[in-house]
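The domain 'ABC transmembrane type-1' feature in TrEMBL is assigned to B:72-261. The transmembrane segment annotation in TrEMBL covers B:7-30, B:66-95, B:107-129, B:141-161, B:182-207, B:240-261.
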Amino acid sequence: MFMNRRSFLGASAAAASVIAITGCSRGGGGGGGVTFLIDNDPSAVAGAEALTEAFNSSQEEYTFSVDTRPGGTEGDNLVKTRLSTQDMPDVFVYNSGSLFQAIRPTQNLTDLSDQPWVSRLQESFVPAVSAEDKVYGAPYGGASAGGIMYHRPTYEKLGLEIPRTWDDFIANCQAAHAEGVTGIIQSFGDTWTSQLLVLGDFHNVAANNPDFAEQYTAHQIGFATDPNALRGFEHTAEVCSSDFINEDYVSATYQQAIGYVAAGEGAHYPILSSAVAEIAASTPDLVEDLGFFAIPGEDAAKNGLTIWLPSGMYVPAFAENPDAALAFIEFVTSQEGLDILAAEAPPTGPYMVTDVDLPAEVPTATKDLQVYFDTEGATTPALEFLSPIKGPNLENILIELGTGSIDAKTAAQNYDKDVEKQAQQLGLEGW
Amino acid sequence: MRHQVRVNVVSALTFLVFFVVFVVPFALVINNAVKDRQESAKLDLSMPTSFHLLENLQEVFAARDYMLVTAMINSTILTVTSVAAMVVVAAMVGFVLQRRSSRVNGLVNAMVLMGLIVPPAVVPTIWVLQSLGLFKTLPGLILIEITYGLAFCVLLFRAFVSTVPRELDEAAIIDGCGPLRLFFQVILPLLKPTVVTVIVVQSVAVFNDFVHPLYFLPGDENATVQLTLYNFLSQYSTQWNLLFMDILLITIPPLLVFLFFNRQIVAGMTSGAVKG
C-alpha cells in the first residue's frame with residue numbers, strides 16, 4: 001500500500017508550508033535589544049516611546065523597545081503569568097502598593113536598594129515598593145490623587161467657596177442644584193469609579209487615627225467598627241439618595257461623567273486626578289474650567305488629600321540584561337527623563353523624586369494638588385499603599401449601597417468580610 | 001383575512017428584531033468610526049458633524065508602528081493553518097473511530113470528551129511550550145488552537161461518518177484503493193457538509209480568539225487582530241473613534257469571506273444526502 005503520486009505531493013506541500021511558517025516567525029530580539037513593558041494607556045505608550053527613544057540615542061550599547069499589556073484584572077493575570085513562566089521583559093511597569101505585594105517581590109524581582117536614586121525618593125513612596133525592608137521599584141511618573149473635580153465657572157457664578165467640611169460640600173451641591181446644575185455626578189456604569197468617596201476619604205480617617213492602617217492590617221479595626229472609616233460609606237449612601245445627583249448615575253460611564261463636569265452640566269465629580277489628563281486629551285479647550293479639591297471631612301483643620309502613588313518600574317530576578325535595565329531606570333528617575341515623559345504624558349500630580357519639580361504649564365486642576373503636597377501633613381497615601389489588604393468586591397458592595405439595596409453599616413460589614421478572604425490568602429497574623 | 005394580518009405582524013416583528021440585533025450595533029460602529037474623539041466620547045447614534053474617515057483610518061493603521069498590518073497577516077496565517085489542520089486531523093480521527101472498532105476506542109473517546117471538559121491551564125501549557133522551544137512562536141499558538149478545537153471537530157466528524165455507507169469503502173478497496181486514497185478521494189468529499197460547518201465555526205472561533213494569543217503569544221511583533229483593540233482601549237482612557245474604526249476594519253475580512261462563500265456555505269450545510 002503505497003501513496004499515489006498526487007497525495008504524496010499534497011503531503012509534501014503541506015509539510016513545506018509548515019516549515020515556511022516556522023521560518024517566518026523567527027527573528028526579533030538578539031543583539032543588545034531590551035524590552036520595556038508598560039500598560040496600554042495611549043499617553044503612557046507615547047511617554048514610554050519617547051523615553052526609550054531618548055535613552056537609545058544617549059548610549060550605544062542597548063536598544064530598548066516598548067511592548068504593551070492590558071490594564072485591570074487581565075493585566076494582573078498577564079503579569080503574574082509572565083513572571084511565573086520567567087518570560088517577563090527586563091523592565092516593566094506595574095502598580096505599587098498591595099498589587100506589588102501580590103507579585104511576590106522577594107522571589108520574582110531584583111533588589112534595587114543599592115541604586116543611587118533610592119536616596120532621592122519621597123518618603124511616602126518607599127514603603128509602597130518595598131518588601132522585607134528592601135526596595136524593589138522606582139517611581140514611574142507623577143502621583144495622582146483621589147478627590148473631587150469641580151467646575152470652576154459654576155463656583156464663580158454662584159460665589160461658592162471650596163468646602164473644607166462635608167456639610168459645606170453638601171450645601172454647595174444644593175446651591176448648584178437650585179441653579180439647575182447637577183450637584184454631584186456618579187458613574188456606576190464603570191464600577192471602579194464608585195469607590196472614590198470611600199477610598200479617597202482615607203486622609204480624613206488617618207487624620208483622626210494615624211495608626212489606622214497598622215491596626216487594620218492586624219485585624220484590630222474595621223470599616224464597620226470605626227466611625228470615621230464608616231463615614232465614607234455613609235457619604236456614598238447620602239449622595240446617592242439625594243435629589244441633586246445625576247438621574248443616570250446607575251448607568252453613566254466614566255467618559256460621560258467627565259463630559260458632564262467639563263461641560264458644566266454637573267458641579268462635582270469624585271474621581272482620580274488622572275481624569276484631568278483624560279479631559280485634556282478629549283476636550284482640551286475645557287480643561288482650564290476644572291479644579292480639584294480633597295474630599296471634605298468632619299474637621300476643616302485636618303482636611304487633606306488622599307494620594308495614589310505612581311506605578312513602579314521593576315526588574316525581574318531573572319533579567320537577561322540587568323545592567324541595561326538599571327541604567328534605564330536611573331534615566332527615567334532623572335530630571336531629563338521625567339521632562340521627556342511629561343511632554344508626552346502630562347503628569348497627574350507631583351513627582352515622587354524629591355529634587356524634580358512639575359513642569360510650569362500643567363493644568364490648573366493639577367496645580368491645585370501641589371498646594372496639598374506643599375502643606376506639611378496634608379497628604380496621605382491611600383489605604384491600599386499602606387496595607388496589603390484590599391478586597392476585590394468593594395466596587396460591587398458600594399453599588400449595592402448606592403442603589404439602595406443595603407444600608408451603610410451593612411455595606412461596611414460586607415466589605416470587612418470581603419477582605420477577610422484576601423488577608424487569609426496572604427497569611428497575615430490575626431485573621 | 002385575520003390569518004393574513006397575523007403573518008404580517010410576525011414578519012414585521014422579525015424584521016424589527018433583525019434590525020435591533022444586527023443593524024443598530026453595526027450602525028453604531030460605522031457612525032462612531034467616522035467621528036472625531038470628542039464626539040465619539042458621547043457614544044450615541046447622532047449623526048457626525050464632521051467626517052474623519054481617512055484620518056481615523058490612517059491613525060488606526062499607523063498605531064504602534066503599523067501593528068494592525070502585522071496582526072492581519074498573523075491572524076490570517078493562524079486561522080487558515082489551524083482550521084485546515086483541524087479539518088484534516090479531525091476527519092481522519094472520526095473516520096477511523098467510526099469504522100474500526102478496537103479496544104482503544106473507549107480510551108480515545110474518553111480523551112476526546114476530556115478535551116471538551118478539562119479546562120485549559122495557562123502556566124503549565126507555557127512550560128510545555130517553552131520546553132519544546134515553541135513559546136512565543138506562531139506554530140506554537142497554531143498547535144494550541146488545534147488542540148482546543150480538535151475535540152469538538154472529532155465529535156462532529158465521527159457522527160457524520162456513520163451516515164456514509166460502508167459499502168462505498170468496500171467498493172473502493174475492491175477496485176484497488178489504498179487507505180490514503182480511500183480517505184482523501186472517497187470519504188472526505190462525502191463529508192463536505194461537516195467540513196463546511198467545522199470551517200465556519202472554527203474560523204470564527206480562532207479569528208476572534210482573544211485570550212490564547214494574549215497569554216501564549218506575547219509581544220508586539222506577534223499580535224493578532226483582536227489584540228490590536230487594546231491599542232485604543234485602556235482602563236482609564238479610551239479613544240472610541242479609533243476603537244470603532246479598528247472593529248470595523250477587523251470585521252471586514254470575515255464579512256467578505258462570508259459574502260463570497262455564502263452560497264457554498266449554505267449549500268454545504270443543507271446538503272447532507274449522499275449522492276450518486
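Yeah, the Cβs are placed from backbone N, Cα and C, and that goes for glycine too.
Note that TrEMBL annotation is computational and uncurated.
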Can we call the transmembrane segment (B:7-30) and the transmembrane segment (B:240-261) in contact, meaning three or more C-beta pairs below 8 angstroms at a sequence separation of 6+?
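Per Cβ check, the transmembrane segment (B:7-30) touches the transmembrane segment (B:240-261).
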Using a cut-off of under 8 Å between C-beta atoms, tell me which stretch among B:66-95, B:141-161, B:182-207, B:240-261 contacts the transmembrane segment (B:107-129) the most.
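Between the stretches B:66-95, B:141-161, B:182-207, B:240-261, B:141-161 has the largest tally.
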With a Cβ cut-off under 8 Å, give me the same-chain residues at least six positions beyond the ends of the transmembrane segment (B:240-261) that come close to it.
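Residues 28-30, 32-37, 39-41, 43, 52, 56-57, 59-60, 63, 68, 72, 76, 203-204, 207, 225-226, 228-229, 231-233.
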